[in-house]
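Below is one structure, written out as structure tokens; comments come after it.
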Amino acid sequence: MDDQDPGGISPLQQMVASGAGAVVTSLFMTPLDVVKVRLQSQRPTVASELTTPSRFWSLSYTKSPSTLQSPGKCLLYCNGVLEPLYLCPNGTRCATWFQDPTRFTGTLDAFVKIVRHEGTRTLWSGLPATLVMTVPATAIYFTAYDQLKAFLCGQSLTSDLYAPMVAGALARMGTVTVVSPLELVRTKLQAQHVSYRELAACVQAAVAQGGWRSLWLGWGPTALRDVPFSALYWFNYELVKSQLNGPRQKEQTSVGISFVAGGISGMVAATLTLPFDVVKTQRQMSLGAVEAMRVKPPRVDSTWLLLRRIQAESGTRGLFAGFLPRIIKAAPSCAIMISTYEFGKSFFHRLNQEQPLGH
């Protein structure tokens with residue numbers, strides 16, 4: 001990405017292209033993400049009583065006498081990428097989907113039951129909030145990747161073969177670090193049913209209770225899922241793309257080739273990192289439940305301990321819960337995202353050739 005090249009792409013143009021890709025991808029893929037997390041949030045048996053908050057996906061709680069002693073439930077009510085939590089006192093707030101609880105036997109069954117009991121709009125619930133988070137995060141991530149890859153190759157710090165893997169891992173780690181506090185704060189806001197205007201107060205309360213490090217409590221499992229995913233994805237994407245391109249130059253990559261390469265790479269990376277996705281869902285669930293019950297947060301279990309616990313309780317299948325919807329989502333979402341991004345870059349490339357940068 002040479003800024004002196006009239007046909008080059010500026011970082012701002014990269015951000016616009018990736019932001020547009022995030023919007024298109026979210027519109028198409030949010031329903032599959034809803035189903036994926038709903039399946040992951042199920043346990044073999046439903047816990048009816050609260051014991052250790054970090055052990056359950058679905059937690060019962062009872063309000064104190066000062067709050068009318070109304071029993072309720074803290075459920076992971078997924079709304080796409082953000083996977084928020086909702087509090088359900090007496091089932092009144094959660095309406096139909098809480099009063100008529102269902103268990104899903106598979107991906108298709110989940111789609112049918114969600115639409116039947118909660119309505120079609122539920123598959124896209126929370127999309128605006130999803131876009132608020134994903135658009136800037138994706139813009140930062142993809143722009144950082146391209147800039148880092150160009151730097152690594154330009155400075156000969158690593159071979160062209162492994163530059164995408166290193167750049168992808170570094171870009172994702174930086175993005176996760178920036179976004180992780182925002183995701184945790186959003187979970188607290190959802191659990192407490194307060195408005196976004198009270199965001200500052202929510203942050204202050206979290207910092208006062210657990211220090212600044214508390215804002216990154218979900219960083220570990222998120223990084224363990226997203227950083228390897230990113231490294232594997234970009235390595236395979238560039239490799240598959242070069243194979244499909246053949247002797248042609250990289251700049252001549254078509255949208256179709258980007259779509260196929262992105263889909264294959266996303267499917268491989270999603271399969272290998274699925275156990276960490278399950279852990280991330282469970283940890284987010286437990287953190288939200290603790291916040292909802294206004295109790296002192298327990299000691300946070302390590303990612304590896306959670307992996308062993310899930311395997312002990314649910315077997316190896318538990319580590320790959322939501323496999324089908326994650327794969328079904330990962331392949332097309334990665335394909336749509338990267339092809340839209342490449343199309344956007346091609347558009348700006350042609351635009352810059354016709355009207356050189358700086359004029």
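Using the three backbone atoms N, Cα and C, a Cβ is placed for every residue, glycine included.
Taken from Swiss-Prot, the feature topological domain 'Mitochondrial intermembrane' covers 1-14 (among others), and the record attributes it to a curator's inference.
The repeat 'Solcar 1' feature in Swiss-Prot is assigned to 9-151.
Sequence annotations record features per position, and here Swiss-Prot assigns transmembrane segment to 15-35 (among others).
Mean per-residue pLDDT, taken over the topological domain 'Mitochondrial matrix' (36-121), amounts to 51. For 36-121 (among others), the entry in Swiss-Prot reads topological domain 'Mitochondrial matrix', with the evidence type a curator's inference.
Feature annotation from Swiss-Prot assigns [2Fe-2S] cluster binding site to Cys74, Cys78, Cys88, Cys94.
Per Swiss-Prot, transmembrane segment is recorded for 122-142 (among others).
Remote same-chain partners of the topological domain 'Mitochondrial intermembrane' (143-164), defined as residues 6 or more beyond its termini with a Cβ less than 8 Å from a stretch Cβ, comprise 1, 9, 11, 14-15, 18, 170-171, 174-175, 230, 234-235, 237-239. Sequence annotations record features per position, and here Swiss-Prot assigns topological domain 'Mitochondrial intermembrane' to 143-164 (among others) based on a curator's inference.
Swiss-Prot lists 159-243 with the feature repeat 'Solcar 2'.
What Swiss-Prot records for 165-185 (among others) is transmembrane segment. Same-chain neighbours of the transmembrane segment (165-185): 82, 133, 137, 140-142, 144-145, 148-149, 152, 158, 199, 202-203, 206, 214-219, 222-223, 226-235, 284, 287, counting only residues six or more beyond its ends whose CB sits under 8 Å from a CB of the stretch.
What Swiss-Prot lists as topological domain 'Mitochondrial matrix' is 186-214 (among others).
Sequence annotations record features per position, and here Swiss-Prot assigns transmembrane segment to 215-235 (among others) based on sequence analysis.
The topological domain 'Mitochondrial intermembrane' feature in Swiss-Prot is assigned to 236-255 (among others).
Marked as repeat 'Solcar 3' by Swiss-Prot: 253-347.
Taken from Swiss-Prot, the feature transmembrane segment applies to 256-276 (among others), supported by sequence analysis.
According to Swiss-Prot, the feature topological domain 'Mitochondrial matrix' maps to 277-317 (among others), an assignment based on a curator's inference.
Marked as transmembrane segment by Swiss-Prot on the basis of sequence analysis: 318-338 (among others).
Proximity of distant same-chain residues to the topological domain 'Mitochondrial intermembrane' (339-359), defined by a Cβ-Cβ separation under 8 Å and at least 6 residues beyond the stretch ends, is recorded for 3, 6-10, 13-14, 16-18, 20-21, 24-25, 142, 251, 253, 255-256, 258-259, 262.
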